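Shown next, in structure tokens, is the structure this report addresses.
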Amino acid sequence: MIMVIAPTLVPSEKFGKYLAIIASVFAIASVLGPILGGAISNNSAWRWIFLLNAPAGCVCIGIVALILPSSISSQPDVKFTNHLRAKISGAALRRVDVVGVFLLLASSILLVFAMEEAGTRYSWSDAVIISTFCVGGIAGILFVFWELFLEKSTSLQEPVFPLRLLKSRLLAAMMATAFFTGFPFVAIVVNIPQRAQAVSGLSSVKAGLALLPLLLTSPLAASVSGILTTNLKIPPFYLILLGSILQFIGVGLTCTLPNHSFDVSPQQYGYEALMGLGFGLSLTTVLTLAPLVIKEPYLGVAMGALTQVRVLAGTISLAICSTILNNCLRPKMASVISPSQLRAISDSLSAIDDLTPSQRIAVRQAFGEGYTKQNIFLTAFSGVSVLASLFIWEKKPRRVGEQQQAANL
């Protein structure tokens, strides 16, 4: 939501700078999550990771209610309560696309559930997985038809995502870039600490610290992108392309990490730095380009969609990576450890330390091979991200501060 309202609160010539700040905070939070989560679970119950979100959420609600300016800042006499009452009035609620929201959530949740559980709790041929895939797919198809219907109808409801926006080559390419960049970003942030625990035998805290190169370079690149696009007027396209290439190289190099060595390879930190620079540049600059491409009535929807596809891609990638790892581990570990030991490792990677030395070596090697296969999969999607970013090219690339050349949507 922050990405949606930002264009209405910030002048267009300063949007790149403020967006870089927002993206930097998001990047830091995304990478700090595994580090703090590891520290909490290592010293307390893992449930505290979720319980701590409650007071943090209350603080955020207070900040939004009392400090965040509204779009009616030009009318200082209007009270916040009156403005809030207008937003939740019957007329405003009738504009909400309830059916579209339901179909989109149903499709996303069911498909992600099926990909996460297939090959772990259920087999791929299980009725639960097949039915979930079918219902999720049908919900996705119905969502598309429903959005098309709303666009052509005279209903007061506003589509969750007006499909006419995809008629813009630039926006379609930007959404594809955000999707295929979000795919490896979330998976890498989760897999690096897991690999450090499963393969290198590090504690959850030290495994989280293995993310530091990515933690430092990603927000740095996001901040620099704001300076380059806003102050130096470098076209966002070039930064998106550069970020996609750096991400592709960094993720690809992680496929070369040795599986037989149980120490964290020093080269890994360099690969993380490359990935961090790539993620920071591409994910931030795609959003910087949006106000230069989309007209004002659709800008909020476009910003929300660009953020949503990135998060959705990350969720899907985690599910697929989990399936890849499980499919690699089960046949290799079946003859090495008992089913009860396998379940214990699935519940907590620290259970690897309870195995015999020979079992521990075999299990760590199996995990190493599984993570390598995951990285090969993520490299392929990073390559598609580079290809998608090329479709953002124009003969005269747009720059922040120039007159908008939005597509006729």
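Any Cβ shown, glycine's included, is placed from N, Cα and C.
Looking at 210-229, 310-329, the range annotated in TrEMBL as transmembrane segment turns out to be 210-229.
Here the transmembrane segment (96-115) has Cβ contacts under 8 Å with residues 129, 132-133, 135-137, 139-140, 142-143, 146-147, 150, 157-161, 312, 315-316, 319-320, 322-323 of the same chain, all six or more residues outside its ends.
Under the criterion of 3 or more C-beta pairs below 8 Å, with sequence separation of 6 or more, the transmembrane segment (273-294) and the transmembrane segment (46-68) do not qualify as touching, having fewer than 3 such pairs. Beyond the transmembrane segment (376-393), the same-chain residues lying 6 or more positions past its ends with a Cβ under 8 Å from any Cβ of the stretch are 169-170, 172-174, 176-177, 179-181, 183-184, 187-188, 237, 240-241, 244-245, 247-248, 251-252, 254-255, 282, 289, 317, 320-321, 324.
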